[in-house]
Amino acid sequence: MDRSSKRRQVKPLAASLLEALDYDSSDDSDFKVGDASDSEGSGNGSEDPSKDSGEGSCSDSEENILEEELNEDIQVKEEQLKNSTEEIMPSDKQLIKMEKKEEEENGERPRKKKEKEKEKEKEREKDKEKATVSDSAAASAAGTTPATSPPAVTSPSVPTTTTTTTEEQVSEPKKWNLRRNRPLLDFVSMEELNAMDDYDSEDDNDWRPTVVKRKGRSASQKEGSDGDNEDDDDEGSGSEEDENDEGNDEDHSSPASEAGGKKKRSKVLSRNSADDEELTNDSLTLSQSKSNEDSLILEKSQNWSSQKMDHILICCVCLGDNSEDADEIIQCDNCGITVHEGCYGVDGESDSIMSSASENSTEPWFCDACKCGVSPSCELCPNQDGIFKETDAGRWVHIVCALYVPGVAFGDIDKLRPVTLTEMNYSKYGAKECSFCEDPRFARTGVCISCDAGMCRAYFHVTCAQKEGLLSEAAAEEDIADPFFAYCKQHADRLDRKWKRKNYLALQSYCKMSLQEREKQLSPEAQARINARLQQYRAKAELARSTRPQAWVPREKLPRPLTSSASAIRKLMRKAELMGISTDIFPVDNSDTSSSVDGRRKHKQPALTADFVNYYFERNMRMIQIQENMAEQKNIKDKLENEQEKLHVEYNKLCESLEELQNLNGKLRSEGQGIWALLGRITGQKLNVPAILRAPKERKPSKKEGGTQKTSALPTVLYSCGICKKNHDQHLLLLCDTCKLHYHLGCLDPPLTRMPRKTKNSYWQCSECDQAGSSDMEAEMAMETLPDGTKRSRRQIKEPVKFVPQDVPPEPKKIPIRNTRTRGRKRSFVPEEEKHEERVPRERRQRQSVLQKKPKAEDLRTECSTCKGTGDNENLVRCDECRLCYHFGCLDPPLKKSPKQTGYGWICQECDSSSSKEDENEAEKKNASQELSMEQKTPKK
């Protein structure tokens, strides 16, 4: 009887538990529903009902203890559930991904919606019937669990021994488990994820909320039976089904709790400890998976940020890379060009919603050229890259050209459109030549601007200057009428030019790769949307162009050179290419169009004017005359060459006969002198030798002749080249002022195209002599160890004084060694016994050997001979003749730099005047001797 009475108290105990929990079957939001892990006791009890009936005879004290422990256990679990829910809620995305992985591993497919609804209705009917049966059984005195109750799903810690079929598991009701940490995944979690700082909606490409399945356990734990999986699938169908399922769990949990109350205290404690371990394992796995998910999100964000940093947007107008909210750098979705909103005149309210404004932007942006569907050519420069603006006449110009070229105006200053070119003077087209254009055929196209530094005469195109980083803009704080200015390379800031040049190169490389990368990144739907939007813009632009009023143009048609249009030049070059005409063989003559000797203009710019037409026909007539004249001159040249060959033969014969006569004359002169001396001895008087018997007077060579003695009295009529040893093309022979040899212009190394310019203070030397000077300098620099190293060596390399060592005084009456000759005029002479030496070509090896024997002394310049002031090698120059030093400013006229140039020598003004006086004195003496000889010849006749 006692046992039966105790057994009857199970129902009030379960009711008291429900009242203590404030449970309401209509609202189960206070609980987190999961697997029936708490019904393990009932599951075990169902396996052995006799054991439950045997345990029903426990004392009242044991029941009270059990009730208190259950209450404490429930309170602890509620606190743990709240804490775990707060930790798990930010990781909804993680749980969803884990559920998706489990579904892929299990290979389960969701059932159709209709089948699920039918199964739900059947389960609800069964639940109602079982609820009524359980109520009636609880009211009766029976202490065992009903046989119709299905077996509970066991947790992984307690293995089950019952096996059920799939149909039984589908119809199996769910159990109420208080120890299951299972958060409710509703769509409120989407808002929480969006509120997170590191959340990006584009990273959730694999998240499909419509097919989300709610899991019963974490991915780290073992899955339950098939019945559990079916229950989980049912729970993912909607919020209403979740509430119904949780309500069913409540109905089926009451008999399980009653059966659990009949167990021993030891078994209850062991089960509680096992569940606690399970709970801690769940929390650990959830925390680990949450940390892994956070690391993955951080890695994705870093990769995305690094990818964005690799493509820093640069404005193609100002070459700046600062993008602010008030002035963003926008990118065209068609051509990929990037520009600031302010630099392009984009309206921030209507046009600034572009593809690069945000990662989730929906409105594409296009530049004006893409909207009109054209590939424009600038009217002001020959370059084709960059961003364009349309003029009021339908032409196109670079926006940077319109900003920097004077005379260009805008209809709307804020939007920088339309561009007006009629206010600019047409004479500027092709007036100046660009100094930066790589192709000289485009140097006079468009309009060139000048350097803004004072009186600088450098001219260049705007876009050519932009390539070199020479464009500048005044600060916004400065109130300047024209804030855009440009400098040449000489006057531009070096650091400013460096970073602008760097940004320009980066912009060019990015624009080439951006289109390919954007096509790869964009999906076909996004690309189709962009193309559709572009077609809409082009249709609007075509409509606006047809309805746009005509721009004002001057009444008189202004002529403009055809060569000033870059597009026309390209088309003409293309035409020449198709016709098979090479455009490289025609030199570009951009010289000034000055009049020729006969008063006719040599060249006129092509234009649609009557003046150019007259010039064109006149040029054709002149071309015919020139061709006829060339044919005549060619015939004359052939005749003269034949005559020259005959004359060369006669000349050689005459030279041979002249030498014979000179030898005979010398013999006769010596015989006459002997006879005349004999007559003097006979008479005993010293007789004057007649002029006819006198030898030709030996005279000193002038300084202009370089101090060399003539080897023969034979006049030199034809000169031979020192390299090819031929005497043709006498007009192309060039005299070296150092070695006194003649050279053809084409025989030199490197060949010359024209005669070098000589002045009174400078002269020219051949490459062989110049190489000798450079070898002298190398030997000198090898011996010197100067403190200022590089600067001193560079300066001395450029100095032309490098042939005669200063410590060796010139020796009179001796010819100096040719390998050590000076660049100045030589003062040494050849004695009479050595004057018949033949001139032998010099060899490099002998010269170098002599140089090694006689190294040149160090050239130290300390005092100016004019002002007697001190100086050094930086501000003094030494004369090659008198070896005196002069300040640059003490010369007449004063100079700012050294007058010496590489390959040329230099003498002071005094030496130049003295040499001219000596030449005059020698000429006077020669004339006097000729007059004396004439006087002596006349009385004999």
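Just so you know, glycine gets a Cβ as well, placed from its N, Cα and C.
The region 'Disordered' feature in Swiss-Prot is assigned to 22-295 (among others).
Residues or ranges marked as phosphoserine in Swiss-Prot: SER26 (among others).
Swiss-Prot lists SER29 (among others) with the feature phosphoserine.
The annotation compositional bias 'Low complexity' is assigned in Swiss-Prot to 36-47 (among others).
The compositional bias 'Acidic residues' annotation in Swiss-Prot covers 60-72 (among others).
The compositional bias 'Low complexity' annotation in Swiss-Prot covers 133-166 (among others).
The phosphoserine feature in Swiss-Prot is assigned to SER189 (among others).
The compositional bias 'Acidic residues' feature in Swiss-Prot is assigned to 194-205 (among others).
Per Swiss-Prot, phosphotyrosine is recorded for TYR199, and the stated evidence type is similarity to another entry.
Sequence annotations record features per position, and here Swiss-Prot assigns phosphoserine to SER201 (among others).
What Swiss-Prot records for 226-249 (among others) is compositional bias 'Acidic residues'.
For THR280, the entry in Swiss-Prot reads phosphothreonine, with the evidence type a large-scale study or a structure entry.
For 281-290 (among others), the entry in Swiss-Prot reads compositional bias 'Polar residues'.
Among the features that Swiss-Prot reports, phosphoserine is placed at SER283 (among others).
For SER291 (among others), the entry in Swiss-Prot reads phosphoserine, with the evidence type similarity to another entry.
Positions annotated as phosphoserine by Swiss-Prot, on the basis of similarity to another entry: SER301 (among others).
Each residue contributes its Cα atom, and for CYS370 (Zn(2+) 2 binding site) and HIS887 (Zn(2+) 8 binding site) those atoms are 65 Å apart. Here the binding-site residues are HIS398, HIS461, HIS491, HIS887, and the one whose Cβ sees the fewest other Cβ atoms within 10 Å is HIS491. Sitting within 8 Å of the Cβ centre of CYS315, CYS318, HIS340, CYS343, and not among those site residues for Zn(2+) 1, are the Cβ atoms of CYS316, VAL317, LEU319, GLY320, ASP327, ILE329, VAL339, GLY342, TYR344.
DSSP assigns HIS398 (Zn(2+) 3 binding site) to a strand in the three-state reduction.
Looking at 375-408, 432-492, 861-914, the range that has the most CB pairs within less than 8 A of the zinc finger (718-772) turns out to be 861-914.
For CYS332 (Zn(2+) 2 binding site), the nearest neighbour among the binding-site residues CYS343, CYS451, CYS766, CYS864, judged by Cα separation, is CYS343. Distances between the Cα of CYS879 (Zn(2+) 9 binding site) and those of the binding-site residues HIS491, CYS721, CYS736, CYS739, CYS890 are shortest for CYS890.
Summary: among the binding-site residues (CYS343, CYS370, CYS867), the fewest other C-beta atoms within 10 A of the C-beta are counted at CYS867.
For the zinc finger (375-408), the list of distant contacts is 316-317, 337, 339, 343-344, 367-369, 416-425, 428, 437, 439, 442, 445-447, 449, 461-464, 466, 471, 482, 484, 486, 508, 511, 545, 551-553, 565-567, 569-570: same-chain residues at least six beyond its ends, Cβ to Cβ under 8 Å. Sequence-distant neighbours of CYS381 (Zn(2+) 3 binding site) (same chain, 6+ residues apart, CB-CB distance under 8 A): HIS398, CYS401, THR445, GLY446, VAL447, HIS461, VAL462, THR463, CYS464, ALA566. Within the model, the zinc finger (432-492) shows a mean pLDDT value of 90, rounded to a whole number.
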